[in-house]
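*Asks:* Before we start, here is the structure in question, set down as C-alpha cells.
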Amino acid sequence: MPEKRFHQKILKIVGIQGLLLLGLGVLSTPALAHRVLVFAYAEGDTIFTESKFIPNDPVRQGKVEVQDAKTGQILLTGTTNDQGKFSFKIPPQAAAAKMDLKIITEAAMGHRGEWLLKAANYLPGAQAAGTPAPGPAATPAPSAVAAPAAAPAATAGTVNQQALEAALNKVLERQLAPINEKLTELTIHRTTLPDILGGIGYILGLCGVAAYFLSKRPKNT
Amino acid sequence: MHISEGVLSPAVLGGGAALTVVGTAIGLKKLDYEAIPRVAILSAAFFVATLIHVPVGPVGLHLVLNGLMGLLLGWLAVPAILIALFLQALLFQFGGLTVLGVNTVTMAAPAVICFYVFRPFLCRGGMPGMVAAFACGATAIILSGVLVAAALLFTGQGFLQVAELVLMAHIPVMIIEGIITLFVFLFLQKVRPEMLEGIYA
C-alpha cells in the first residue's frame, strides 16, 4: 500500500516539475549557449573569414589559425576584428600544393570553432587573380559592368580565353557570395525546441530506466 | 562554461575523465529509489538552463544551476550533470565527447564542494540558511570559473588572465544564480521539504 502511494507521489512530483520545465523550455526562444561558428570564403586572391558565437555575436579579438588540413602545419595566424572578421591573402604554398585549409578560431574561455575550406573552393579565385586580369580595380564594380565588358571581348575573339574566364569567375564569385553565406548558415545545426524537448525526453527516459532497475532490486529496509 | 573540443591537452582530458568516472560511481552508489525523480528533474533543469543564452557582457552567458544541484543532490549532482552534458554534446555539439570528463568536473565538482561546505548552515534554516543558499549558488559559479581557468592553464593561456576573464564575465551569473538558489530553497522549504532531504540525510 505505501508502495503505491509512493509511486503516485513520484508521478506527481515528476508531473509538476515536468510541466514547469516544459514551460521554461517553450518560453525561452530557441536558446543557444556559445558555440563558435567559423566560415570562410574566397574572393579573388583573398580569403575572408568570419567567426561568431551562435546565433549572432561576433568573436572579437579571437585568435585565428590557418592550417594545412592534412599535415596540420600552421600557415598563418591572425586576430579577428570587432566584427569577428579576418581576411588574408591565399598563401602561395597553399595554392601551389592545393592544400585544403583548416581555419580555426579560438575565442576566450576555451571556446573554439573550425572550418574546412577545400582547395577547390578557393583555388579558381586564386588562379583568376594570378592572370593579368583587371585585379584590384574591379573591387566595388557591380556585376552589370563586368558582364558586358566580358561579352564584347568574347565576340571580338581577340582577348584570350583566360581573361574571359577570370572576368566570369569574378562576377560569379561576387554573385555567389551571399548564396554561399546562406548555405553556410543552413548547414549549421541550430538548437531548436524539438532538440531541447528531445533531450528532456531522454533524461526522463533514463530516469525511468534507473527506476526500473532499482525496483527490481530486493528492498533492504 | 563548456570547453570546446580540441583545446585541451590529452593529460587534462584524461584527468577529467578519470575524476568524472570516480564521481559518477560515488553518485550512482548513493542513488536510491526516492532520489531518482529529483536527479532527473535537476538534470533536465541543468540541461535547459545551460542552453538559455543571456546576452550580458562580452560573451553571452547562460545559467549553470550547479549550486542549486549541489544543494539538492550532493554527490548525485555528478551523474545528473554528466547525463545532461552528454546529451548536449550529442544533440547540439556543445563541448564534445572528448571534453565531457573535464566539463563534468568543472561544473559538478563545485556542486559537491558547495554541498559539503554549506550544508551545516542550510540545516539551521532561518537567516543563516538563506545566506548559505545564496552563497551556495554564487560560490559554485566562482569555483567553476576557477576550474575552467585551471583546465586551460595547460594550454598556454595565462591562468590569471583567463580566470579574471571568466570571473568578470560571470559576476552577473553569480548574482542571478545566488538569487535563484535562494528562492528555490525557500520555496521548497515551505512547499516540498522532502525535496531537500539530501541536506538533512
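Glycine too: its Cβ is placed from the backbone N, Cα and C atoms.
TrEMBL annotations: computationally assigned, not manually curated.
Here's the feature list from TrEMBL:
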TRANSMEM  B:7-28  transmembrane segment
TRANSMEM  B:40-65  transmembrane segment
TRANSMEM  B:72-91  transmembrane segment
TRANSMEM  B:97-118  transmembrane segment
TRANSMEM  B:130-154  transmembrane segment
TRANSMEM  B:166-188  transmembrane segment
*Asks:* Can you name the far-off residues of the same chain, 6+ from the ends of the transmembrane segment (B:72-91), with a Cβ under 8 Å from a Cβ of it?
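*Replies:* Hits for the transmembrane segment (B:72-91): 2, 20, 23-24, 26-28, 30-31, 35, 38-40, 42-44, 46-47, 50-51, 66, 97, 100, 103-104, 107-108, 111-112, 115-116, 188, 195-196, 198.
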*Asks:* Would you kindly list the residues that approach the transmembrane segment (B:130-154) from elsewhere in its chain, counting only those six or more residues past its ends and only Cβ-Cβ distances under 8 Å?
*Replies:* 1, 3, 7-9, 11-12, 16, 64, 66-68, 70-71, 102, 105-107, 109-111, 113-115, 117-118, 121-122, 162-163, 166-167, 170, 173-175, 177-182, 185-186
*Asks:* At a C-beta cut-off of under 8 Å, are there same-chain residues at least 6 beyond the transmembrane segment (B:97-118) that contact it? List them, or none.
*Replies:* 1-5, 7-8, 12-21, 23-24, 64, 66-67, 69-71, 73-75, 77-78, 81-82, 85-86, 89-90, 132-133, 135-136, 139-144, 147-148, 151, 198
*Asks:* Which residues of the same chain, at least 6 past either end of the transmembrane segment (B:7-28), have a Cβ under 8 Å from a Cβ in it?
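*Replies:* Result: 75-80, 82, 98-105, 108-109, 112, 151-152, 154-155.
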